[in-house]
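These notes are about the structure you will find just below.
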Amino acid sequence: MDPKDRKKIQFSVPAPPSQLDPRQVEMIRRRRPTPAMLFRVSEHSSPEEEASPHQRTSGEGHHPKSKRPNPCAYTPPSLKAVQHLQTISNLSENQASEEEDELGELRELGYPQEDDEEDEDEEEDEEEDSQAEVLKGSRGTVGQKPTCGRGLEGPWERPPPLDEPQRDGNSEDQVEGRATLSEPGEEPQHPSPP
């Protein structure tokens, strides 16, 4: 038998009845990426990222997914930004060295060192100490009654509820309510109820 004489075997399989609507089949075909689309998508993405059909949603049709930059990802500064930072740092170094030169010249002429720098350091130390005291005061110590806050004059207590009548030290209700001593050594006398 010659190879030319061989017949091709063809299987005739009846096509299964399509359960999908022809419009749905067309939409699926449109969503399926073509090799050209895959090439276009991979051309724009970084080499590590592969374009996969899982990244697409059904509503996008045949357009490639628009990628948003990840806000958490590190993006290196541009060349212009680096050059700008270098010029700023060079300017600040030049200004600092000029100020040091001026101070050196003044000291050579006999001017004393400025006290402003020392005063600023002392003020910063005082601020840190006062902040530490405030923190210690807010924590309180064990067994101490907690206060609600610190006023300008010192700690203040929570005001009484509004439903109770306010009492100051001179009111008659408060004086009657307290036991009074008639003479030292005697027992307190309670006022008789009216």
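For all residues, glycine too, the Cβ spot is worked out from N, Cα and C.
Annotated region 'Disordered' per Swiss-Prot: 1-194, in sequence order.
Per Swiss-Prot, the feature N-acetylmethionine maps to M1.
Per Swiss-Prot, phosphothreonine is recorded for T34 (among others), and the stated evidence type is similarity to another entry. Within 10 Å of the C-beta of T34 (phosphothreonine) there are 11 other C-beta atoms, taking all protein chains into account.
Look at Swiss-Prot and you will find 41-63 (among others) tagged as compositional bias 'Basic and acidic residues'.
As annotated by Swiss-Prot, phosphoserine applies to S45 (among others).
If you look up Swiss-Prot, you'll see S46 (among others) marked as phosphoserine, on the strength of a large-scale study or a structure entry.
Annotation comment: Swiss-Prot describes T75 (among others) as phosphothreonine. The 10 Å shell around the Cβ of T75 (phosphothreonine) contains 8 further Cβ atoms across the protein chains shown.
Long-range contacts of the compositional bias 'Polar residues' (84-95) within the same chain, counting only residues at least 6 positions beyond its ends with a Cβ under 8 Å from a Cβ of the stretch, are 77. Sequence annotations record features per position, and here Swiss-Prot assigns compositional bias 'Polar residues' to 84-95.
Annotation source Swiss-Prot lists phosphoserine at S97 (among others). Sequence-distant contacts of S97 (phosphoserine), defined by Cβ-Cβ distance under 8 angstroms and a gap of at least six in the same chain, do not exist.
Marked as compositional bias 'Acidic residues' by Swiss-Prot: 113-131.
Among the features that Swiss-Prot reports, phosphoserine is placed at S130 (among others).
The compositional bias 'Basic and acidic residues' annotation in Swiss-Prot covers 160-170 (among others).
Annotation comment: Swiss-Prot describes S192 (among others) as phosphoserine.
The distance from the Cα of T75 (phosphothreonine) to the Cα of T34 (phosphothreonine) comes to 31 Å.
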